[in-house]
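What Swiss-Prot records for this protein:
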- 131-196: domain 'HTH luxR-type' (DOMAIN)
- 155-174: DNA-binding region (DNA_BIND)
Amino acid sequence: MSTIIMDLCSYTRLGLTGYLLSRGVKKREINDIETVDDLAIACDSQRPSVVFINEDCFIHDASNSQRIKLIINQHPNTLFIVFMAIANVHFDEYLLVRKNLLISSKSIKPESLDDILGDILKKETTITSFLNMPTLSLSRTESSMLRMWMAGQGTIQISDQMNIKAKTVSSHKGNIKRKIKTHNKQVIYHVVRLTDNVTNGIFVNMR
């Protein structure tokens, strides 16, 4: 199983390499990459099964973010796992935001990686056959409300603007927190911004 790790933190590289080796991946199949240019070349030549990327490698440069977005789109059979660069927050979950793009905390447990990668590790197969989890999506109301919430508007302001009861706003906030698997507003904002950066945003259910 060809794998690429793009993370400037040596501890993370060591941890991921150790995890992959312990799950039977051969050392020669694990490649460390440092730049977006190198990642594009490696993805084209190696067609990796999984790519781990720390968002710090691209998030501060708009052109790098655009290139990462393009690389993800060009390789639908590669699973991209993007680690959030968010400090001092207890969050060890992961979210599938596109069929081949997963946003994860760096605190993800080995057991969770097993759940995600288990079948890919066992068989030389494409990820599309095996990722058995729902893609994160919001209703139109949740999406609109989340944008207002992120713009700093409170429950009463949102209630007035959307012409819905404050209790309904609170209920929608509860749904968003459940879908993004956290009650931490900082994590929610981070997930939204990162998803906006490498995709066209969180899926909105238009029904």
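Just so you know, glycine gets a Cβ as well, placed from its N, Cα and C.
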Segment confidence, the domain 'HTH luxR-type' (131-196), expressed as mean pLDDT: 91
DSSP residue counts for the domain 'HTH luxR-type' (131-196), split into helix, strand and coil: 45 helix, 3 strand, 18 coil
